[in-house]
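Student: The structure that follows is given in the form of structure tokens.
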Amino acid sequence: MSLYSPLANSDSAAERILVIYTGGTIGMQPHAHGLVPGGDFSTRMAAALTQLPITQQQALPLYEVTSYVTLIDSSAATPLTWQRLAHDINEKLTAYSGFVIIHGTDTLSWTAASLAYQLQGLDRPVVLTGAMQPLEAPASDALANLHGALMFAAQPALQEVAVYFAGKLLRGVRAVKQHSEAADAFASLNYPLIGERVGDDFVYYPSRGLGLQQRGAPRFELPDYRLINQGEVVRVVLWPGISAWQLDAWLGDSRVKGALLQLWGAGNLPDQPDLLNVLARASGEGKLLAAISQCPQGSAHFSTYAAGHGLSDAGVLAGDDMTPEAAFTKLAHLLAQPLSFEDQRQRFVTSLIGER
Ligand code: ASN
């Protein structure tokens, strides 16, 4: 771990930010087969920050950088990556006033959503960021994203897991990657920004944040969390012509404990009793089933159309306006805890951290 304080105006140990570098394009360097995660991020980040105007350098918080030994393209992240990050933050929670996680963009929103559940009750900022271009690339978005993430991680009023990207601060559990190339790659389509860069200022909107809402809420004890088994939760996105045997191939496997379905529009399934039978059987076996819409905006509920009516009877829970990331990681989160089936179902339909 290295300590760096570029003209920093604070020398209080209690106001340090921990930057956790996991990999991603932001730190990548050219290699024979294409870009790969590069090391020595601490030095490279420090060098990049010296390109900021002097007043902005002086306003930077004190920070330390720690790098994971195995750096990854985030396409290789798994639920165990999410769990390790939560564990590491939890262990160092009181030693730092805020955290920045440097992460690849491809699955950044999945990690953000999972961390938001795992760190429920958080009383300080955890800000994930990355970049569409490596730090050293010409006109890279990396420096601006690092700068903003550090500035928001230094704001004590922010008390949740957030994503900072391209001038926008998004609730972590509401963020989705919506562009594979543009610098403005992330959006929060069903919840407003919780902060943004305005000129040289990094403005947090407390009335939209969890800081005020969750004060005094019970904090989940991470040590009670069992290992999230990979493959326990599956995601099935409907397509026209889906058959019961295809759905059953996913849900019938005894290793599957939960499933996220992505339905049509406001929550519609084809009008085929055999599809509902597969769902009812899985739910009857104690599998946690939930559904959201395939539409990125709006919500899923099962009451509007006759085509969606049988879902509640089949035991499927409505995911309202949750993102796929939020709904999937919530299922994984609930299944990882020692809860009864009824408690899991009840908590799924309750907003735990502003995810719905
Ligand atoms: N493939 C990269 C990753 O997710 C994409 C990026 O970071 N922009 O690690």
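Cβ from N, Cα, C; glycine included.
Worth saying up front: this structure is predicted, and the values here are computed from it rather than measured.
When I checked TrEMBL for this same protein, it listed these features:
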- Thr25: active site (ACT_SITE)
- Thr25: active site, O-isoaspartyl threonine intermediate (ACT_SITE)
- Thr105: active site (ACT_SITE)
- Ser74, Thr105, Asp106: substrate binding site (BINDING)
- 16-204: domain 'L-asparaginase N-terminal' (DOMAIN)
- 233-348: domain 'Asparaginase/glutaminase C-terminal' (DOMAIN)
Student: For Thr25 (active site), what is the tally of other C-beta atoms lying within 10 angstroms of its C-beta?
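Tutor: I get 22 for this one.
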Student: Which residue counts does DSSP give the domain 'Asparaginase/glutaminase C-terminal' (233-348) for helix, strand and coil?
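Tutor: Breakdown, helix to coil: 47 helix, 23 strand, 46 coil.
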Student: Would you list the other residues of this chain near substrate - those whose C-beta lies within 8 angstroms of the C-beta centroid of Ser74, Thr105, Asp106 - in sequence order?
Tutor: Gly24, Thr25, Asp73, Ser75, Ala77, His103, Gly104, Thr107, Leu108, Gly130, Lys177
Student: Do you know offhand how many angstrom separate Asp106 (substrate binding site) and Thr25 (active site) by C-alpha?
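Tutor: Between the Cα atoms of Asp106 (substrate binding site) and Thr25 (active site), the distance comes to 9 Å.
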Student: Taking only the residues the record lists as binding substrate, namely Ser74, Thr105, Asp106, what is the largest Cα to Cα distance between any two of them, in Å to the nearest whole number?
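Tutor: Site span for substrate, by Cα atoms: 7 Å.
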Student: What is the total of other Cβ atoms whose distance to the Cβ of Thr105 (active site) is within 10 Å?
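Tutor: Around the Cβ of Thr105 (active site), 23 other Cβ atoms lie within 10 Å.
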Student: Work out how many Å separate Thr105 (active site) and Thr25 (active site) at their Cα atoms, rounded off.
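Tutor: Cα to Cα, Thr105 (active site) and Thr25 (active site) are separated by 8 Å.
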